[in-house]
Amino acid sequence: MVDIRKSLFFIIFFIFYNYVNSQKAINSDAFCQKKTITSICDPYLFNTDSIYIFNSTTTQESIELEIKRLLGFFSMLPSTCQVPSTYRLICNQYFQTCVPISKTDNSSTIAIPLRPCRESCDYGNGICGTQSITPCTGTFTEPTIYKFPVTSNVFDLSSLGGPSNYDLQCLNIDTMKAGNLNGTYISNNETVIVNQTCVYPLVYRNSTNREDDIKKGYQYLTETSDCLLPCPVPFFTENEWYQFKDLTTVTGVISFVCIFFNIFIYGFLNKKHDRHTIGILCLSFSLWCCMLSDLIVASSPDYSLVCPEPGRFARIHDSRCVANGIIFQWGAVCTTMFWSAMAIDLYLVIKKLSLPAFTVKYFVAAIFTLALLFTTVPLAWDDYGYGFGGVGCWIMSNSVQNGCFWIPMLICLLIGAVSICLIIYEIVKVFKNVGRSGISIILANARLFGIVSFIFIEYIYLFVYHFWVQENTEKFTQNITDWVICVQTTGSSDGCPLPKAVPYATQFIFLFFLRLLGIEVCIFYGINSRSKNIILESDLVNNKYFKAIRSKISSVGATSTTKNNTSTNNTSDQFNTSMFSVEVSKNGGDDDDL
């Protein structure tokens with residue numbers, strides 16, 4: 001839940017009490033005025049025939065604007081707050097009834113405001129949950145005049161030519177009575193001001209079980225609000241969100257096919273497994289699982305996988321989301337670990353060191369076991385779901401995500417970094433000790449060193465990206481809060497800038513790098529001389545059916561070659577004969593000349 005409760009209550013406090021505090025207890029510039037505009041408060045006002053205007057710069061229109069600003073936040077407050085008594089309190093605090101008091105010489109009148117009673121203020125705080133930040137006990141500079149009187153305020157108007165001890169009873173919001181004062185209020189005219197809706201793109205939900213809704217992934221603005229955040233959160237425009245999804249779908253499918261090519265060669269066609277081929281196969285299978293999770297994302301034309309309903313973020317109860325998260329998590333952990341294993345393997349190759357076969361098997365089993373552990377822990381804690389970013393489901397909480405992925409990744413990065421440094425050291429040593437004759441050793445492993453280094457750079461980017469986002473999470477959350485307040489205040493999202501979060505290009509690169517891994521592994525491990533030899537030595541190429549096809553192709557090629565040779569020979573004979581004739585002719589001519 002994005003809890004904007006504190007910010008929301010602060011805004012309400014600021015608007016409501018700033019208006020109250022902007023008035024003086026007694027203002028010589030104040031005057032009474034008949035209600036001249038149509039207001040949403042009309043049915044709730046005690047007396048529309050006499051409205052208190054506390055200075056010359058204040059108008060009924062400006063008061064109405066302040067009321068609308070305040071009521072714009074009420075859809076985010078509990079439904080218990082959205083009742084007639086609350087509207088009576090607010091409306092009569094803004095459009096206060098004006099009580100004219102005649103001066104002692106009857107030359108003119110002094111305008112003083114009729115204020116709601118403290119009991120009404122306390123009751124409004126109680127049903128709205130604002131009692132901790134909107135006190136009802138304040139006074140003006142005159143300590144005997146209360147902003148919300150207990151029963152009445154006593155005014156000393158002698159400085160303005162009026163009575164020195166005028167007692168004005170407060171307005172009881174429940175009974176809409178104020179001593180012996182008469183008003184225009186009619187109870188059956190009251191209507192609900194705030195409709196049970198939320199400003200688009202916020203989503204309204206009338207909850208019957210809020211706790212259960214939160215578990216299902218409904219993101220309420222506050223603990224008591226009926227408004228939900230839209231899913232996905234508008235950190236980006238709708239078009240940009242779909243660009244991310246298209247990127248994931250296209251590159252994910254391409255990477256899926258590329259990785260399957262590796263699996264087919266090293267898993268199905270390969271007859272002779274060694275440490276190197278087992279490493280490639282395991283790395284490829286791990287990446288294939290990651291890309292399989294992308295196919296689950298691609299299976300939905302929209303964001304329904306992660307946003308099953310408006311305002312609901314997918315959670316552990318959504319089977320497709322959980323499958324997407326589990327498959328990706330297992331594949332991602334395995335990929336990271338096998339990458340570090342491949343870095344170690346490359347160092348061993350350059351050093352010409354070998355490991356016993358059983359060591360490799362135990363190593364692979366250990367990686368799969370650890371990956372399974374890091375995958376089941378979030379499942380046990382119901383932590384798979386969709387957060388505020390990305391296009392698919394994964395681990396939601398930072399603590400679990402760090403413990404089950406990013407910290408293991410950091411360890412793998414350190415292992416990989418040490419291996420890369422050792423490899424570079426060995427390369428330098430070969431150049432120094434062997435000279436140019438050692439270049440062949442380096443060139444033979446250049447592709448492998450390239451892929452290990454490329455993946456290392458990409459992992460560093462992903463690692464830094466994650467912790468940068470994590471470090472700025474509170475800032476991004478505050479940006480959401482500011483955006484919500486803007487939307488509710490203005491009544492539209494058109495004039496409100498999107499909440500700032502991760503830059504578009506940064507997010508795009510992050511998503512792209514995750515899918516680029518599969519294509520890179522295919523290029524570096526799947527397209528080389530070893531994979532070619534595996535294909536040529538496989539049963540696929542050497543079975544009787546393929547041999548028959550190959551022999552036919554060969555016979556067709558041989559026939560074509562024979563014809564070409566015959567044609568070439570004939571052409572050569574003709575050419576030679578012609579040349580011979582020329583030579584004879586030339587020789588004959590010479591004889592004649594002789």
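Here the Cβ of each residue, glycine as well, is placed from N, Cα and C on the backbone.
Here the structure is a predicted model, which means the values were calculated and not measured.
What Swiss-Prot lists as disulfide bond is Cys32-Cys98 (among others). DSSP assigns Cys32 (disulfide bond) to a strand segment in the three-state reduction. All protein chains considered, the CB of Cys32 (disulfide bond) has 19 other CB atoms within 10 Å.
Reduced to three states, the DSSP call for Cys41 (disulfide bond) is coil. The annotation disulfide bond is assigned in Swiss-Prot to Cys41-Cys91 (among others).
Taken from Swiss-Prot, the feature disulfide bond covers Cys117-Cys170 (among others). The Cβ of Cys117 (disulfide bond) lies under 8 Å from the Cβ of Phe148, Pro149, Val150, Thr151, Cys170, Leu171, Asn172, Ile173, each of which sits 6+ residues away along the same chain.
Under the heading domain 'FZ', Swiss-Prot lists 27-173, citing sequence analysis as support.
In three-state terms derived from DSSP, Asn55 (N-linked glycosylation site) belongs to neither a helical nor a strand segment and is classed as coil. Residues or ranges marked as N-linked glycosylation site by Swiss-Prot on the basis of sequence analysis: Asn55 (among others).
If you look up Swiss-Prot, you'll see Asn106 (among others) marked as N-linked glycosylation site, on the strength of sequence analysis. Under a cutoff of 8 A between CB atoms, and with a sequence separation of 6+ in the same chain, Asn106 (N-linked glycosylation site) has no neighbours.
Sequence annotations record features per position, and here Swiss-Prot assigns N-linked glycosylation site to Asn182 (among others). Annotation for Asn182 (N-linked glycosylation site): same-chain Cβ neighbours under 8 Å, separated by at least 6 residues, are Asn47.
Within the same chain, the residues at least 6 positions away from Asn189 (N-linked glycosylation site) whose Cβ sits under 8 Å from its Cβ are Pro43, listed in sequence order. What Swiss-Prot lists as N-linked glycosylation site is Asn189 (among others).
Per Swiss-Prot, the feature N-linked glycosylation site maps to Asn195 (among others); the stated evidence is sequence analysis.
Residues annotated as N-linked glycosylation site in Swiss-Prot, with sequence analysis given as evidence: Asn206 (among others). Reduced to three states, the DSSP call for Asn206 (N-linked glycosylation site) is coil.
Taking the Cβ of Asn479 (N-linked glycosylation site) as reference, residues of its chain lying under 8 Å away and at least six apart in sequence are, in sequence order, Pro499, Lys500, Ala501. Residues annotated as N-linked glycosylation site in Swiss-Prot: Asn479 (among others).
Here Swiss-Prot flags 1-22 as signal peptide.
Annotated topological domain 'Extracellular' per Swiss-Prot: 23-248 (among others), in sequence order, evidence recorded as sequence analysis.
Marked as topological domain 'Cytoplasmic' by Swiss-Prot: 270-277 (among others). Residue counts for the topological domain 'Cytoplasmic' (270-277) under DSSP, split into helix (H, G, I), strand (E, B) and coil, are 3 helix, 0 strand, 5 coil.
Remark: secondary structure over the topological domain 'Extracellular' (299-329) totals 11 helix, 2 strand, 18 coil, with classes taken from DSSP. Per Swiss-Prot, the feature topological domain 'Extracellular' maps to 299-329 (among others).
Sequence-distant contacts of the topological domain 'Cytoplasmic' (351-361) (same chain, at least 6 residues past either end, Cβ-Cβ under 8 Å): 275, 278, 426. Sequence annotations record features per position, and here Swiss-Prot assigns topological domain 'Cytoplasmic' to 351-361 (among others) based on sequence analysis.
Its Cβ placed at the centre, Cys170 (disulfide bond) has 23 other Cβ atoms within 10 Å. Away from its own ends, the transmembrane segment (278-298) comes close to residues 245, 248-249, 252-253, 255-256, 259-260, 262-263, 266-267, 270, 305, 320, 323-325, 327-328, 330-332, 334-335, 338-339, 341-342, 345, 360, 364, 367, 371, 391-392, 514-515, 517-518, 521, 525-526 of its chain (Cβ-Cβ under 8 Å, at least six residues beyond either end). For the pair formed by Cys41 (disulfide bond) and Asn55 (N-linked glycosylation site), distance between Cα atoms is given as 21 Å, rounded to the nearest Å. For the transmembrane segment (508-528), the partner stretch with the most Cβ pairs below 8 Å, chosen from 249-269, 362-382, 404-424, is 249-269. Among the recorded positions Asn55, Cys91, Asn206, not one has its Cα within 10 Å of the Cα of Cys98 (disulfide bond). If you count C-beta pairs under 8 angstroms between the transmembrane segment (404-424) and each of 249-269, 330-350, 362-382, the highest count goes to 330-350. Geometry remark: Cys91 (disulfide bond) versus Asn55 (N-linked glycosylation site), CA distance 18 Å. Taking a C-beta cut-off of under 8 Å and a sequence gap of six or more, Asn55 (N-linked glycosylation site) has these contacts in its own chain: Asn27, Asp29, Ala30.
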